[in-house]
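Pulled from Swiss-Prot, these are the features on record:
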TRANSMEM  1-21  transmembrane segment
TRANSMEM  39-59  transmembrane segment
TRANSMEM  87-107  transmembrane segment
TRANSMEM  111-131  transmembrane segment
TRANSMEM  144-164  transmembrane segment
TRANSMEM  183-203  transmembrane segment
TRANSMEM  218-238  transmembrane segment
TRANSMEM  246-266  transmembrane segment
């Protein structure tokens, strides 16, 4: 890939990974409109690593606090709000791990098409709108509980279907379960850490076993661009939803779905 292609795709990944608008729906557009070839495993590793580093850096204090409390709870068996939150995030990760290992190839074979991405972009956009309009209890992330965490984890597993959006599915579920917009987003972002880390490890393993030639310059640029874009995106997303809710992202998803449908019927 040339430098321009690396920057554009890394920007798309970084800006869409944590917004409820589906990164896969956006990454398919350059391929369809510009005829770009698949970026390959090494680039996937790079942009996913950049996004992961961004969320870890942004929530570094919360993550350190949770990790410290969680390790303390394992030793002393005394639970704090932070240790409970850590346990709930671990629990919420399990469905995605199970379905990811058991159905990844099936999903990649049968659901990775522009038709599926267009449909899920629209359907889950409407679900996000409905969830955002529901009357909520205004719960924060420390009030999730194990049952709600498991339901949100199942929603995260559903996001393995391209076009769904991991953040979109988890935020939608969290809103339906009574969390405030900000708490739903924070819980979704924190949930992304173990899943993204696991995915990065698996893709790296596939990369090393594939014998693919690695362009380290493109990889480094992809990490840097996706990190900066994702960090900025997280910061402003939390500000936007506190003032405007999810409506801008719902409208955007519906418009994007319409564009994908237009491409399908061209």
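Cβ from N, Cα, C; glycine included.
What you see is a predicted model, and the numbers here were worked out from it, not measured in a lab.
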Practice problem: Considering only the recorded stretches 1-21, 39-59, 246-266, state which has the highest number of Cβ pairs under 8 Å to the transmembrane segment (183-203). | Solution: 39-59
Practice problem: Go through 1-21, 111-131, 144-164, 246-266 and flag the stretch with the largest number of C-beta pairs under 8 Å relative to the transmembrane segment (218-238). | Solution: 1-21
Quiz item: Is the number of Cβ-Cβ pairs under 8 Å between the transmembrane segment (246-266) and the transmembrane segment (1-21) three or more, considering only pairs separated by 6 or more positions?
Solution: yes
Self-check item: Intrachain residues whose Cβ lies under 8 Å of the transmembrane segment (144-164), provided they are six or more past its termini
Solution: 22, 24-25, 85, 87-89, 91-96, 98-100, 103-104, 107, 111-113, 116-121, 124, 170, 172-174, 177-179, 187-188, 191, 195
